[in-house]
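According to TrEMBL, the protein carries these features:
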DOMAIN    13-137  domain 'Aspartate/homoserine dehydrogenase NAD-binding'
BINDING   13, 14, 15, 16, 17, 18  NADP(+) binding site
BINDING   94, 118  NADPH binding site
DOMAIN    151-365  domain 'Homoserine dehydrogenase catalytic'
BINDING   208  L-homoserine binding site
ACT_SITE  223  active site, proton donor
């Protein structure tokens, strides 16, 4: 095989998003992908000298594989391919901290990294700094960590790299929170209880198995951390990245701060407890309605005042956050010097396996397009 003819691809994690990533790669055969490795949580496939992994038949092959997962072996395989003049990419479709901590070593070895995994970019600043420093040898692309398939990170990078100054970013970053409050606090008005709407969202798969993991605001805080670290003006005088402790440094309003430990750790117990909060949320909804407003759970990166926060806020019924959202849409506004009078707005589905995989595959294509 001629060196550099194919992009050597290692797919780590083939759950909902990972499966869609592989299927979308199959639909792009003209780009020249070669599977170098494929792993589930328990098994993996790697080609031999005489056998390549069949893209189309990968599910059956993985199901019958007797080879346990060894990510060090995957790294070594890709590293050898790079030494032979091949271009390689490690695609992490997991939400694993352990896998995220591999990124600096992968990048240093000249292996590109593409991922929807937020952990590496929204945790302690040391890992993030290690990734940035190692990216001199390999590229890291993580568009889908913030808006699934929406061009949020690429838009921000384009603004920054062309010299625009970001004043503020604000938006509805969580598809779960969007669905819940679009229905609970609509422009038309609603009488349905908060717990009933959360129950419906859970049944439709819009929430995590335990909705407490959505309602604590941590997912929004992670996305804000990722964006804040891209903005040069938020670095300190020594050039250090902001939010030393990642998403834990974000001012985050949890909607379940009074929940007992048993509810936080178990989805069914949480749903039994949640109706106790219905009167509290109904009161906030009524107060907002009396002011001509709706409730929205938003994230804000205020560059001028150096504030990063995730909170439940009131917005006028004429505001785009009230009028433009439907279902589990995300909407993000970029207020910049260039976009001063009218902000740049990105809106659309911000969750779902197919659109998240689209964001991943789009990043992969950036590695091979001229």
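Cβ from N, Cα, C; glycine included.
Owing to the predicted nature of the structure, the values given are computational and were not obtained by experimental measurement.
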Note to self: Please give me the binding-site residues out of 13, 14, 16, 17, 94, 208 that lie within 10 Å of residue 223 (active site, proton donor), comparing Cα atoms only.
What the structure shows: none
Note to self: Let me check the 10 A CB neighbour count of residue 13 (NADP(+) binding site). How many other CB atoms are there?
What the structure shows: 23
Next item on the list: Tell me, roughly as an integer, the mean pLDDT over the domain 'Aspartate/homoserine dehydrogenase NAD-binding' (13-137).
Entry: 91
Margin query: What is the set of residues, excluding 13, 14, 15, 16, 17, 18, whose C-beta falls within 8 angstroms of the centroid of the C-beta atoms at the NADP(+) site?
Written below: 19, 20, 21, 93, 94, 353
Check: Looking only at the domain 'Aspartate/homoserine dehydrogenase NAD-binding' (13-137), what are its DSSP counts of helix, strand and coil residues?
Finding: 58 helix, 20 strand, 47 coil
Margin query: What does the structure give for the C-alpha distance between residue 17 (NADP(+) binding site) and residue 118 (NADPH binding site)? Integer Å is fine.
Written below: 14
Notebook entry, point to check: Got a sec? Which of these binding-site residues, 15, 16, 18, has the most Cβ atoms within 10 Å?
Noted result: 18
Next item on the list: Go through 118, 223, the listed recorded positions, and name the one with the sparsest Cβ surroundings, counting other Cβ atoms within 10 Å.
Entry: 118
Check: Listed binding-site residues are 14, 18, 208; which of them have CA atoms within 10 A of the CA of residue 94 (NADPH binding site)?
Finding: 14, 18
Checklist line | Spatial separation of residue 13 (NADP(+) binding site) from residue 118 (NADPH binding site) - C-alpha basis, Å | finding: 15
